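Trainee: So that we are looking at the same thing, I have put the structure below in structure tokens.
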Amino acid sequence: MNNSIKLPQKLMLLGSGELGKEFVIAAQRLGNYIIAVDRYASAPAMQVADCCEVISMLSADDLEAVVIKHQPDFIIPEIEAIRTEKLLEFEQRGITVIPTAAATNYTMNRDRIRELAHNELGIRTAKYGYAITLEELIVISDEIGFPNVVKPVMSSSGKGQSVVLDKSEVEKAWNYAIANSRGDSQKVIVEEFINFEIEITLLTIKQWNAPTIFCPPIGHRQERGDYQESWQPAGISEEKLLQAQEIAKKVTDALGGAGIFGVEFFITEDEVIFSELSPRPHDTGMVTLISQNFNEFELHLRAILGLPIPHIEQLGSSASAVILASEKSDSITFTGVAAALSEKDVDIRLFGKPTAHPYRRMGVALAKAANVQEAREKATKAASKIQIIS
Ligand SMILES: Nc1ncnc2c1ncn2[C@@H]1O[C@H](COP(=O)(O)OP(=O)(O)OP(=O)(O)O)[C@@H](O)[C@H]1O
Ligand SMILES: NCC(=O)N[C@@H]1O[C@H](COP(=O)([O-])[O-])[C@@H](O)[C@H]1O
Ligand SMILES: [Mg+2]
């Protein structure tokens, strides 16, 4: 990647959810041409892109057809469930895959990135094991101990994930994981349950021709394995932050390429434990839509295009809180928007997803305040004012 990139560039986004939508907005602001791709029509990023394609991103033939048709300069994955072997082929044909085709292959499934981090790089993770049958899961669960966490190796946002308290719950966890696994994998990971004080996302920006830089850490709270609220800065010690940065640098260096990574850690009283990472903007990083001079989507874009990031400024205690659907619906109307926006330093995003189902993330509330506690309360209050009626 050279320093004299010309704009516009043609960017193909694989996955067109809420994170993609904000990325497209950032890319449009610099006049780029974006093709938004996803498995369903009218996905959030498609609503703001130059054009869109509806395909199965797990199908090599479908991917080939859209790449031939549009001839993108960059392919930018936005979800995990992509036929990543095909991305390797596109990269060999001269298209830049973000962060690299190999990195998307490593992070598509939890097992590959876990093996890289733990076995090859020697990074501390939760104790873990794998199973491809219920019988194997019963044996490995005993070895790991209880409580533990069972997840499909291919899934995100907590889909198919459960905390298993004892032996009697193993079968239920297996069935739930297999039923909710994305893609064609039938493999699960079992992890020791980490009793953390706080969990954080460290947004790590890897650049083509400049050093790796970091955003201030983001704290978050999850339910059902899915993010509910996040805040920045996360109150962790300087020493733990430096440890997290060192680990994030090690893993992202091993993956290579350029772009933003959301590196997740469990912080216990005396340890920094690597959990997983997204080689793209992170859902908990939506707080940066209000908390920084450059949000995570703008940072991703600059890193991808080799544009400078002279300074990242944190603008003060900030928080995000999700707006979730409670029932199934294919006609979405929001009420309470005016009430949510009535307070100073509060903003919202409504993603424009065409359908809803229980717990689907439909929007996010953002807030800034004098301290993190107040920012969290403000964001949560604003989110609670928004109702989805169908
Ligand atoms: N071993 C563990 N110990 C304790 N909590 C865990 C463990 N693994 C996962 N969790 C909890 O579940 C959440 C989701 O887990 P994880 O990040 O592995 O799933 P995910 O489906 O990849 O989520 P996302 O795609 O949103 O990042 C974590 O953020 C954490 O709150
Ligand atoms: N943790 C990963 C994550 O938050 N991904 C974001 O959610 C979208 C899928 O949403 P959907 O399941 O509602 O279609 C993805 O496209 C991405 O924007
Ligand atoms: Mg996660």
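Using N, Cα and C of the backbone, Cβ positions are placed for all residues, glycine too.
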Trainee: According to TrEMBL, E18, L19, E78, D283, R360, R361 bind N(1)-(5-phospho-beta-D-ribosyl)glycinamide; so which of K353, K368 is the extra one listed there?
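Mentor: Answer, per TrEMBL (N(1)-(5-phospho-beta-D-ribosyl)glycinamide site with E18, L19, E78, D283, R360, R361), from K353, K368: K353.
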Trainee: The ATP site in TrEMBL lists K151, S156, S157, G158, K159, G160, Q161, E191, E192, F193, I194, E199. Which one of R83, R93, R110 belongs there according to the record?
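Mentor: My reading of TrEMBL gives R110 as the candidate in that site.
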Trainee: Any idea what the Cα distance is from E18 (N(1)-(5-phospho-beta-D-ribosyl)glycinamide binding site) over to G158 (ATP binding site), rounded to a whole Å?
Mentor: 17
Trainee: From the Cα of S156 (ATP binding site) across to the Cα of R361 (N(1)-(5-phospho-beta-D-ribosyl)glycinamide binding site), what is the distance in angstrom?
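Mentor: Approximately 13 Å lies between the Cα of R361 (N(1)-(5-phospho-beta-D-ribosyl)glycinamide binding site) and that of S156 (ATP binding site).
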Trainee: How big is the Cα-to-Cα gap, in Å, between D283 (N(1)-(5-phospho-beta-D-ribosyl)glycinamide binding site) and F193 (ATP binding site)?
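Mentor: F193 (ATP binding site) has its Cα 22 Å from the Cα of D283 (N(1)-(5-phospho-beta-D-ribosyl)glycinamide binding site).
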Trainee: How does the model score the domain 'ATP-grasp' (115-305) in terms of mean pLDDT?
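Mentor: Mean pLDDT for the domain 'ATP-grasp' (115-305): 97.
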Trainee: Going by Cα-Cα distance, which of the binding-site residues (L19, E78, E264, E276, R360) sits nearest to E191 (ATP binding site)?
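Mentor: Sorting the binding-site residues by distance from E191 (ATP binding site), the top entry is E276.
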Trainee: Which binding-site residues out of R110, G158, E276 lie by ligand 2, going by a Cβ under 6 Å?
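Mentor: Among the binding-site residues listed, not one has its Cβ under 6 Å from ligand 2.
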